[in-house]
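Going by Swiss-Prot, these are the annotated features:
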- Cys91-Cys101: disulfide bond (DISULFID)
- Cys114-Cys134: disulfide bond (DISULFID)
- 37-115: domain 'Cystatin' (DOMAIN)
- Asn42: N-linked glycosylation site (CARBOHYD)
- 1-19: signal peptide (SIGNAL)
Amino acid sequence: MGIGCWRNPLLLLIALVLSAKLGHFQRWEGFQQKLMSKKNMNSTLNFFIQSYNNASNDTYLYRVQRLIRSQMQLTTGVEYIVTVKIGWTKCKRNDTSNSSCPLQSKKLRKSLICESLIYTMPWINYFQLWNNSCLEAEHVGRNLR
């Protein structure tokens, strides 16, 4: 296939269409700094904190204090990398009404900064926590607290 193949207009058209399509998909490589919709944000963060509390051995439950950053990547679903600040509440693990728990007072205050990779297919309400890492807030840089 030398230079002569480009004389065929059909081959030229196919090559142009393929390069345009490949260029379109290359723009979506990697994670993008995009805002989540409020609905997706709430459901993703609720899933995260429930997963964290279920895996934690702490006496008190945590709740999300603040979303610091979110990034997304489209795959077969949506992958989110979320960085959040979470804090101890006054509710203990066995409390049933934990949806509106107030944060601990200064004496027992404990805050963590967590970065998590969450895979979701929000259209079927499916969530999976793929990776999570948390540090105490005082050990993290000021811009993340």
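Every residue gets a Cβ built from N, Cα and C, even glycine.
Features per Swiss-Prot, on structure.
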| residue | record | Cβ neighbours (10 Å) |
| --- | --- | --- |
| Asn42 | N-linked glycosylation site | 12 |
| Cys91 | disulfide bond | 20 |
| Cys101 | disulfide bond | 18 |
| Cys114 | disulfide bond | 19 |
| Cys134 | disulfide bond | 16 |
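In the three-state DSSP reading, Asn42 (N-linked glycosylation site) counts as helix. Here the domain 'Cystatin' (37-115) has a mean pLDDT of 90 out of 100. A strand conformation is recorded for Cys134 (disulfide bond) in the three-state DSSP classification. Residues of the domain 'Cystatin' (37-115) grouped by DSSP class, helix first, strand second and coil last, total 21 helix, 36 strand, 22 coil. Between Cys134 (disulfide bond) and Asn42 (N-linked glycosylation site), the C-alpha separation comes to 20 Å.
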